[in-house]
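*Asks:* According to TrEMBL, the record shows the following:
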- 1-17: signal peptide (SIGNAL)
- 10-98: domain 'Ig-like' (DOMAIN)
- 100-190: domain 'Ig-like' (DOMAIN)
- 196-314: domain 'Ig-like' (DOMAIN)
- 316-397: domain 'Ig-like' (DOMAIN)
- 411-435: transmembrane segment (TRANSMEM)
Amino acid sequence: FLAQVHLLFPYMLLVGAEEVIYAQVGERVILKPPAVDKYKYMYWRFGSPQGIQLAWRNYLSGNGIDKEENKFAWSGSSLVISNIEQNNFGTYYCVTSDPPSDNLAAKQVKLVKLNVTNPSSPLLPGESLSLACSVEDSQGDQKPNIYWQTPNGQKIKNILVKHVTSQHNGKWTCVVKNGENEKHTQISVKVLDLSPAFSSTQYTSNSSRITIPCSFAPDITWEHFKAKDIQEVYWQFSPKIPSGVISGGPQRLFTLSLQDSMKWNVNQHTDLKTQDPKKGDLSLTRKLGKEEDRGDYECIMKFKGGKILNRTVRVEVLQIISSPRPELISGQPLNLTCSTGNQLPSDVQLKWSPPKQSSLSPPIPDPHPAKLTIPQVHTGDEGEWECTLWQGSKQLTSAVITLKIEPKLSVWMLVIICSAAVVVILILILIFIFYRRRQVQFLYFFLLDHNEALV
């Protein structure tokens with residue numbers, strides 16, 4: 001190329017190395033001019049320094065576009081190419097002159113086509129993902145380095161994922177690097193998955209809020225699900241007894257209408273509250289949990305062809321059981337057991353909080369046991385006892401029981417009570433005797449009056 005240029009233009013100086021710009025069909029690029037101190041005329045040409053002239057400008061602020069004015073435009077001294085087509089890829093030359101000198105300066109810019117594949121439709125978990133990124137012209141001395149950046153920033157060469165998950169959802173970036181020149185092209189991969197990412201366990205009690213989560217990411221809409229031929233969305237519940245055994249088959253709780261109204265229809269009456277499905281929130285909530293909430297809740301989406309997207313949330317209900325009962329007399333023994341009916345995971349800890357005035361002795365040892373044994377309760381132990389479940393620094397739920405403790409009766413109090421009882425009994429006996437005497441006197445006078453009347 002240098003020999004050809006010098007034969008045609010003996011005084012032409014090539015300014016800088018050849019610049020390579022990567023672009024896709026339909027994109028917009030800006031070709032920058034050479035770094036020269038001064039010039040009077042500038043020309044942008046295609047194919048060669050003497051090739052098709054596309055645009056010109058001069059030192060008097062005059063400028064013009066010679067070809068396709070709707071595609072080429074000036075931006076300062078740079079040439080803008082909009083909505084690139086296949087025939088726009090190739091080599092461009094920016095030639096400057098400074099008459100009366102015969103010296104010419106030129107810069108060579110190669111516009112190379114970049115091919116990036118993009119999934120045509122959203123994906124469901126388990127489907128395959130294939131992404132490709134390549135350039136059409138890599139015959140130069142230095143081939144570009146091409147790789148992908150995943151949504152979490154990991155660098156990988158080739159993309160062929162046989163079974164996608166929610167971790168593959170997001171922005172993928174194709175990076176084409178040639179020396180200091182880098183081209184970043186982002187594409188969006190939609191994996192239609194539910195949150196939480198895995199089946200989870202939620203804890204509640206009759207003094208804590210219950211939330212059964214199910215939702216999808218904010219960048220996913222119902223239109224994406226409809227593009228995959230979604231057929232049905234519903235919640236079902238499998239109740240569980242405290243021993244952990246599922247009792248009976250699943251019961252359908254709610255079914256979502258997929259029409260424009262997007263409303264939940266109640267299949268089984270429950271006081272669980274649904275959220276606004278239009279915002280992607282399919283969760284169920286209630287202000288307080290109940291013992292009968294214990295069990296497995298399944299959020300289910302069914303698609304044409306039998307594909308199913310679901311999440312199972314296990315609800316455990318924390319309870320405090322008092323033995324013998326919450327109403328006691330000072331001096332009685334007491335056992336308090338805090339449990340969900342199942343063994344807690346190793347990363348979940350239990351913590352007791354007795355009433356502030358409690359004189360519990362000895363103090364509760366760490367880690368706090370599920371069962372507390374108090375040989376003799378005192379009136380200071382009356383009040384709210386709280387049992388809380390913690391996972392690290394996160395409070396999962398808490399349960400509360402209220403103890404009522406009457407003071408122990410002393411010997412003098414028993415004497416007083418017995419004496420009072422005797423006095424009351426004696427008074428009742430005297431009243432009864434007085435009443436009987438009045439009856440007898442009344443009968444005597446009645447008979448006497450009756451006999452006199454007969455005489």
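Cβ from N, Cα, C; glycine included.
TrEMBL annotations: computationally assigned, not manually curated.
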*Asks:* DSSP on the domain 'Ig-like' (100-190): how many residues come out helix, how many strand, how many coil?
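*Replies:* The domain 'Ig-like' (100-190) comes out at 3 helix, 48 strand, 40 coil.
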*Asks:* Looking only at the domain 'Ig-like' (10-98), how are its residues distributed among DSSP helix, strand and coil?
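*Replies:* Per DSSP, the residues of the domain 'Ig-like' (10-98) fall into 3 helix, 43 strand, 43 coil.
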*Asks:* Please report, as numbers and ranges, the same-chain residues at least 6 past the borders of the transmembrane segment (411-435) whose CB is under 8 Å from any CB of it.
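*Replies:* The answer is none.
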*Asks:* Pull the DSSP breakdown for the domain 'Ig-like' (196-314) and write it out as helix, strand, coil residue counts.
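*Replies:* Helix/strand/coil tally for the domain 'Ig-like' (196-314): 12 helix, 52 strand, 55 coil.
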*Asks:* Given the model, what does the mean pLDDT over the domain 'Ig-like' (100-190) come out as?
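*Replies:* Overall, the domain 'Ig-like' (100-190) comes to a mean pLDDT of 86.
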